[in-house]
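Note sheet for the following structure.
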């Protein structure tokens, strides 16, 4: 066992040869390197698989022995300062390593087909392998300096991958936004690291925790300064994990390729903030009020992310806000001191969200056959619908991921989210009410995404992409399916079916119109597949290739079974709670005397309540988004109910308000753009003016004045000796007069 730990330092460096060799090959042998590009993808998967096997071996030893191994090398040693580098292997490291490698392997296999037609194929795999190296280095770091170094490398990789298609202005702006927003948090992280080093004199986690606990117990530190340093450390996690108020970069990060979105949202960048707080939790729990602040940020993010996801039309942005909300649950759990629940939800959410993003990538891939390569169209749920019969495997997989995120048993996220919800009652009833309500919102918006994408009819077939605006065959209501003015900000939730040119029918009309099958052929195919004797074209979406379906199906298995790792049933000598053994010892401020086991009655009571709330959200989504032309045959009762309802106008205003809030991202981006961006630009303009007119103006003015004085003197003198003598005696006379008055 000791020998296995001794070689653990190699974990972050195994994927590193791929980007180095790709860069060297493109520099020296570009033609040969590009012709063998599939070989580089195979090497990426192979090396990451070796890391996964190594991490699994470490995890098995962690479960059996609960040991912690740390090895350090001294780099700088003197009387006043010492700096060491090393690696730390503990349960948190092993969990994160398995998470990064398993999701990373699935994404790499998926990307081989997804990016096969892209000219940046090799660049993509180089970035991905470097991303894995950076994240693995982060989770194995033994001190704050290493954390910060790999933290910045993760940020650089995310910048490169979000802006992978940098020729698109939207993608270029998105990566800049992510980079700048994270710089705010990273600067706070750096200041926090320096602050705690100034307090304790150490960067190493073990020494840092021990020294700081002694200082706190002896009351030898300034609590206000310590709290400030802790908040600065937490600012790094706020930015990286897209917590309020530094969450604004996350939806724009969807401009990168879909496999990148899966990796960022499941196991790498956004998980880094959760990892940092979990790693520093022994430090935070002894600082007054910082845990309350962490839980407050978490609960705000939980609710804000859920409300912003309600009216998104872009399938990836809807999933992005879902990630933001779920990360809020993890941060809430850490703030409550429920270490196990937070990591449990990190694991289950990672696999479920990776499944959803890869499934959305499969949908986008199939939609591109109809609308061409245009993310605004291929990712727009307004143009989807009716994909069940075209992509049945993707549909089933996406449904399982959706139900998991909704908290439906026995899928993965049910077990972890339920644990956080139950712990929230012990911490704060107000936080608990918000968390449980958001669980219903989660079920609503996830079911909405599923219904708009897969149910009903294929809406893109009723659009005209010849460059002319054409009235669609029907419009789709309630924050997803709309008419021809898709980007109209004044769009309201008027639920109409537009028939022909002038005819209109109510959403609640009992007439069901049959769609002419001839209309399905009005779209010309945009994608043709060469390399065959005859050109094959598609007029319908089609299921993805096996290379893309294989990772999706593997993630389905994870979504089905990974939740059983943390089932807290330890009764009659049967120990099912593998996760608790894995995380021994762990921090739990809410159950200090508990052995992480509960009885069946208590569990079933809480589970029924949470499933009821989720089911209610699913029911509302089905009621609002289930296609009327395929479900409702007789709606006279609903029509009569709507006609006699005196509060319909008021309810429409509420719906429109919710829509505007979600569509405009809670007006937070607008606030930043209006006050921060404009203010900074005005400050920059003032600094430019001050620099040019004042700083440069003073020496330039002195030089210019000297020039004019010299010219005046030169013109007066004229080169005549009599003039020089006149000025000489004049100055001498003035000097003598001044001397006389000063001395007498």
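Each residue, glycine too, has its Cβ placed from N, Cα and C.
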Open item on the list: Quick check on the annotations: Swiss-Prot lists transmembrane segment for one of 185-205, 458-478. Which range is it?
Closed with: 185-205
Open item on the list: Need the matching range: Swiss-Prot marks transmembrane segment on one of 62-82, 125-145, and I'd like to know which.
Closed with: 125-145
TODO: Might you confirm whether the transmembrane segment (147-167) is in contact with the transmembrane segment (258-278), defined here as three or more C-beta pairs under 8 A between residues 6 or more apart in sequence?
DONE: yes
Open item on the list: Contact between the transmembrane segment (549-569) and the transmembrane segment (354-374) is defined here as three or more C-beta pairs under 8 Å separated by at least 6 residues; is that satisfied?
Closed with: yes
TODO: Using a Cβ cut-off of under 8 Å, list the residues of the same chain at least 6 residues beyond the transmembrane segment (327-347) that approach it.
DONE: 92, 95, 99, 237, 241-244, 270-271, 273-274, 277-278, 281, 285, 291-305, 412-413, 415-417, 419-420, 423-424, 426-427, 431, 435, 562, 565-566, 579-580, 583, 586-590, 596
Open item on the list: What residues elsewhere in the chain lie close to the transmembrane segment (89-109), defined as a C-beta under 8 angstroms and at least 6 residues from its ends?
Closed with: 5, 8, 11, 41, 44-45, 48-49, 51-52, 55-56, 58-59, 62, 66, 68-70, 125, 128, 132, 135-136, 139-140, 259, 262-263, 266-268, 271, 275, 278-279, 343, 346-347, 350-351, 354, 358, 547, 550-551, 554-555, 558, 582-584, 586
Task: Cβ contacts the transmembrane segment (425-445)/the transmembrane segment (608-628), at least three under 8 Å, sequence gap 6 or more - done: yes
